[in-house]
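So that you can see what the record holds, here are the features copied from TrEMBL:
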type	residues	note
COMPBIAS	472-483	compositional bias 'Basic and acidic residues'
DOMAIN	4-99	domain 'Replication protein A 70 kDa DNA-binding subunit B/D first OB fold'
DOMAIN	133-228	domain 'Replication protein A OB'
REGION	452-483	region 'Disordered'
Amino acid sequence: MGDKFQLIHDVSPGTTGWTVKVVVAEKFSPRIAQRSPTKYQNLTFMDSEGSTVQATLYGQNITAFQDELLLGKTYLISNALVKETNAEYKAKSGEIQWTISGRTRIRRVEENNSNLLISTYSFTDFEDLPKYMDSNVDISVIGMIIDIKPRRIIQTRFGKECQVQDLVLVNKRFDTVLLTMWETFVDNECKYICQNLRKKLILIGKHLKVTSFNSLSISTKADSSFFIDGEFELVEEFKSWGHTNSEIIDNMISEKHYLTSTPSKLSSKLSVPTAEKDFTEIKNIQGLKTVKQFFWIKGKASVKVLNQTYWYMSCNNCNKISSENYGDIYPCVFCKCTDAKAIPRAKVYMQLTDPTGFINATAIGNPAEYFLQSNAEILMNQTLIPTAASMRLSMDEDEIFYVKAITQELSPDCKFEILFIVNPSQIAGAKNKGKAPVEHIGEPIKFLEPTTKRSLFHSDTDDAQSSKKKCDKSTIEITKKNQ
C-alpha cells in the first residue's frame, strides 16, 4: 500500500495535515444508538501494517457516503475528526476512533489489497464449530452458498418481532451448516444472495457465533460483516473447487439432505464431556435465576406426570403451536409464512435426576422422540394414558443431557429445556475404535411402531421441506442499484 502516507497509529487527537491510506476492512449495518434516536454506522479501516481503527458515520452522512466507502476498497483519508474512545467502549473499539463527515476528504485508490485484508482472517473449520457452541467467541467462516430458505418472522421472548433467513453453506469436504441471518442482513445480503443463488456465491463472514439452534448452526451478531464473492485468491480457489465438483454439489442441492430432520454431522461431533468433573451437578442449578445458560448433565430422566399431552400441532416453518388440523396449509401468524403446513411435534415434561438432586425439564422434537422411543405421529394418534408398554417413561442407565436454562415471563426461576441426549456407551465405543469422541456414530433406534432412524445426538431440528420454496416478494425485490 506504499509508505509515503501516515499510518493509523501516527494519527491522534490534535494531529493535523495527515493522510492515511486504508482499506475498508469491515462495514457494518447502520444502527440506532441505545441512548438517543441518532443513526450511526461503523466501519473498520486497515493500513499497510495491518493496524485498524474504527470509523463512524452519523445521520445523513450514512447515505451520503454509502457509495464512497466500499468494502474491500482502498482510499486516502484525511481531515476526519479524531478523538479518544469513551472508556466503556475501548476494549472493543480501540483507544482512538475517527468520525467521517462532509469535511472529511476521501479519494479512491485503484489498488488491490485483498491479500493483506484476508491475511487478518482466521477461519474456523466447520468440524471445529461445535467447540464454540453457545459461547461468546467470535468466529469467521468461508463457504459456498448452495441454498436459502424463505424469510420468516420470529418473536423473541421479549415479544419483539424479528425477521430472519437461513442460508446453507458447504465446505470443501461437503459438510453443510446453517447460517441464520438476522434483521438488516435479510434486507441487504439476503436479497442479493436470493437474486444470485444460481451463481453459487462464496461467502466470507466475520464476527459470527455458534448456537445450539437447529442442532448446531451459525448466527449473525450486531457487528457481523460479510464479503460475498469478494476479490480474493481464496474465493477464486473455492470457485474452482466448486466448478470441479459441480455435479456433486448439484446433487446435494437437488436431494436436499441438509434439510432433513436428522442431526447434521457437525452436531454429532460435539465435544461431549467424559470426565465427571466436567458435568454440572443438578444441585448447583436448582432455583437458578440467571438468564440463558447451558449445561452438560449426566443422569437419568423419567416421566412423573403420566397424564400430559405428548405432542402439539405446529407450523413446519417455525415450530410454533398451530390450531389447524394435521396436514392443513395455512398462513402462520407467528412466522408470517403464507403456506405453512400443520404437523405434529413431540414434547414431554419430565424429571431429570442425578445423585445430587432433580430438576423438571421439557424436551421438544427429536430429544422427546428419542426419550419416549416413539414419534410425533404415533403420539398424536395415541388416545390412552401411556404405559411402559406403549412408550419409554424412564431410563435405566445414565445418559448425557445438554440443557438450556432460560428465564420465564411470570416466574423468577429459570425453566429448563433438553436440547441433546447422548448415549455414553456409544461415545465409549467410538473411542475404542480409535475415532474422535464425537464422531458420527449412532445405531438406529427401534421404535414401538414403524422405525425411524436417529443418530447418537438426538436434537431438535426443523422438519424437511418437501420442495424448494421461492423467496417471497419482499426477499427477492432487487433495487435498480443492485441490478
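Numbers run from 1 along the shown chain.
Cβ atoms are placed via backbone N, Cα and C, with glycine included.
Automated prediction, rather than curation, is the source of TrEMBL annotations.
Over the domain 'Replication protein A OB' (133-228) the predicted model carries a mean pLDDT of 90. Across the domain 'Replication protein A OB' (133-228), DSSP helix (H, G, I), strand (E, B) and coil residues number 15 helix, 54 strand, 27 coil.
Broken down by DSSP into helix, strand and coil, the domain 'Replication protein A 70 kDa DNA-binding subunit B/D first OB fold' (4-99) contains 15 helix, 39 strand, 42 coil.
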